[in-house]
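Working notes, beginning with the structure itself.
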Amino acid sequence: MDPVMGIIAVALGGAVGSLARYAIALGTQKIAHAFPFGTFIANLAGCLFIGLLWSFFEKIHISHTFRLFLFTGLLGGLTTFSTFSRETYGFFETGEYWQGFGYLFLSISLGLAMVAVGFFISHKFLLR
């Protein structure tokens, strides 16, 4: 594979994913006073999609360049571990320990659950 095509695929996917995350953040601003719903929703959606797509593309061939676009670019741009970590740290920094631990626990446990749900949906309904 041409490395330049890989770079372009990741850059384009990253732009789309980052814009989607920004749109989610804007859409959740009204309800996101005490809890970072934008990051939470973007990360869970990314987990669901990686479960769906990874499972699906184990059986259906797609090019390496398109995989880079989807997984490294789009889903990498949509999800954000650094923002999640900073938001969690912010809870601890302000003494909101229950919210911090709750956010940490919910994000990790529901993220893993969404990957599993994505795999299940893909195997049960898409890969018959």
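Here the Cβ of each residue, glycine as well, is placed from N, Cα and C on the backbone.
Bear in mind that the values here come from a model prediction, so they are computed numbers and not experimental data.
Annotation comment: Swiss-Prot describes 4-24, 37-57, 65-85, 101-121 as transmembrane segment, evidence class sequence analysis. What Swiss-Prot records for G76, T79 is Na(+) binding site.
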What same-chain residues lie close to the transmembrane segment (4-24): Cβ under 8 Å, and 6 or more beyond its ends? 38-39, 41-42, 45-46, 64-66, 68-70, 72-80
Long-range neighbours only, meaning 6 or more apart in sequence with Cβ under 8 Å: which ones does T79 (Na(+) binding site) have? G17, R21, A42, N43, G46, C47
Looking at Cβ-Cβ distances, which residues of the chain lie under 8 angstroms from G76 (Na(+) binding site) while being 6 or more apart from it? V10, G13, G14, G17
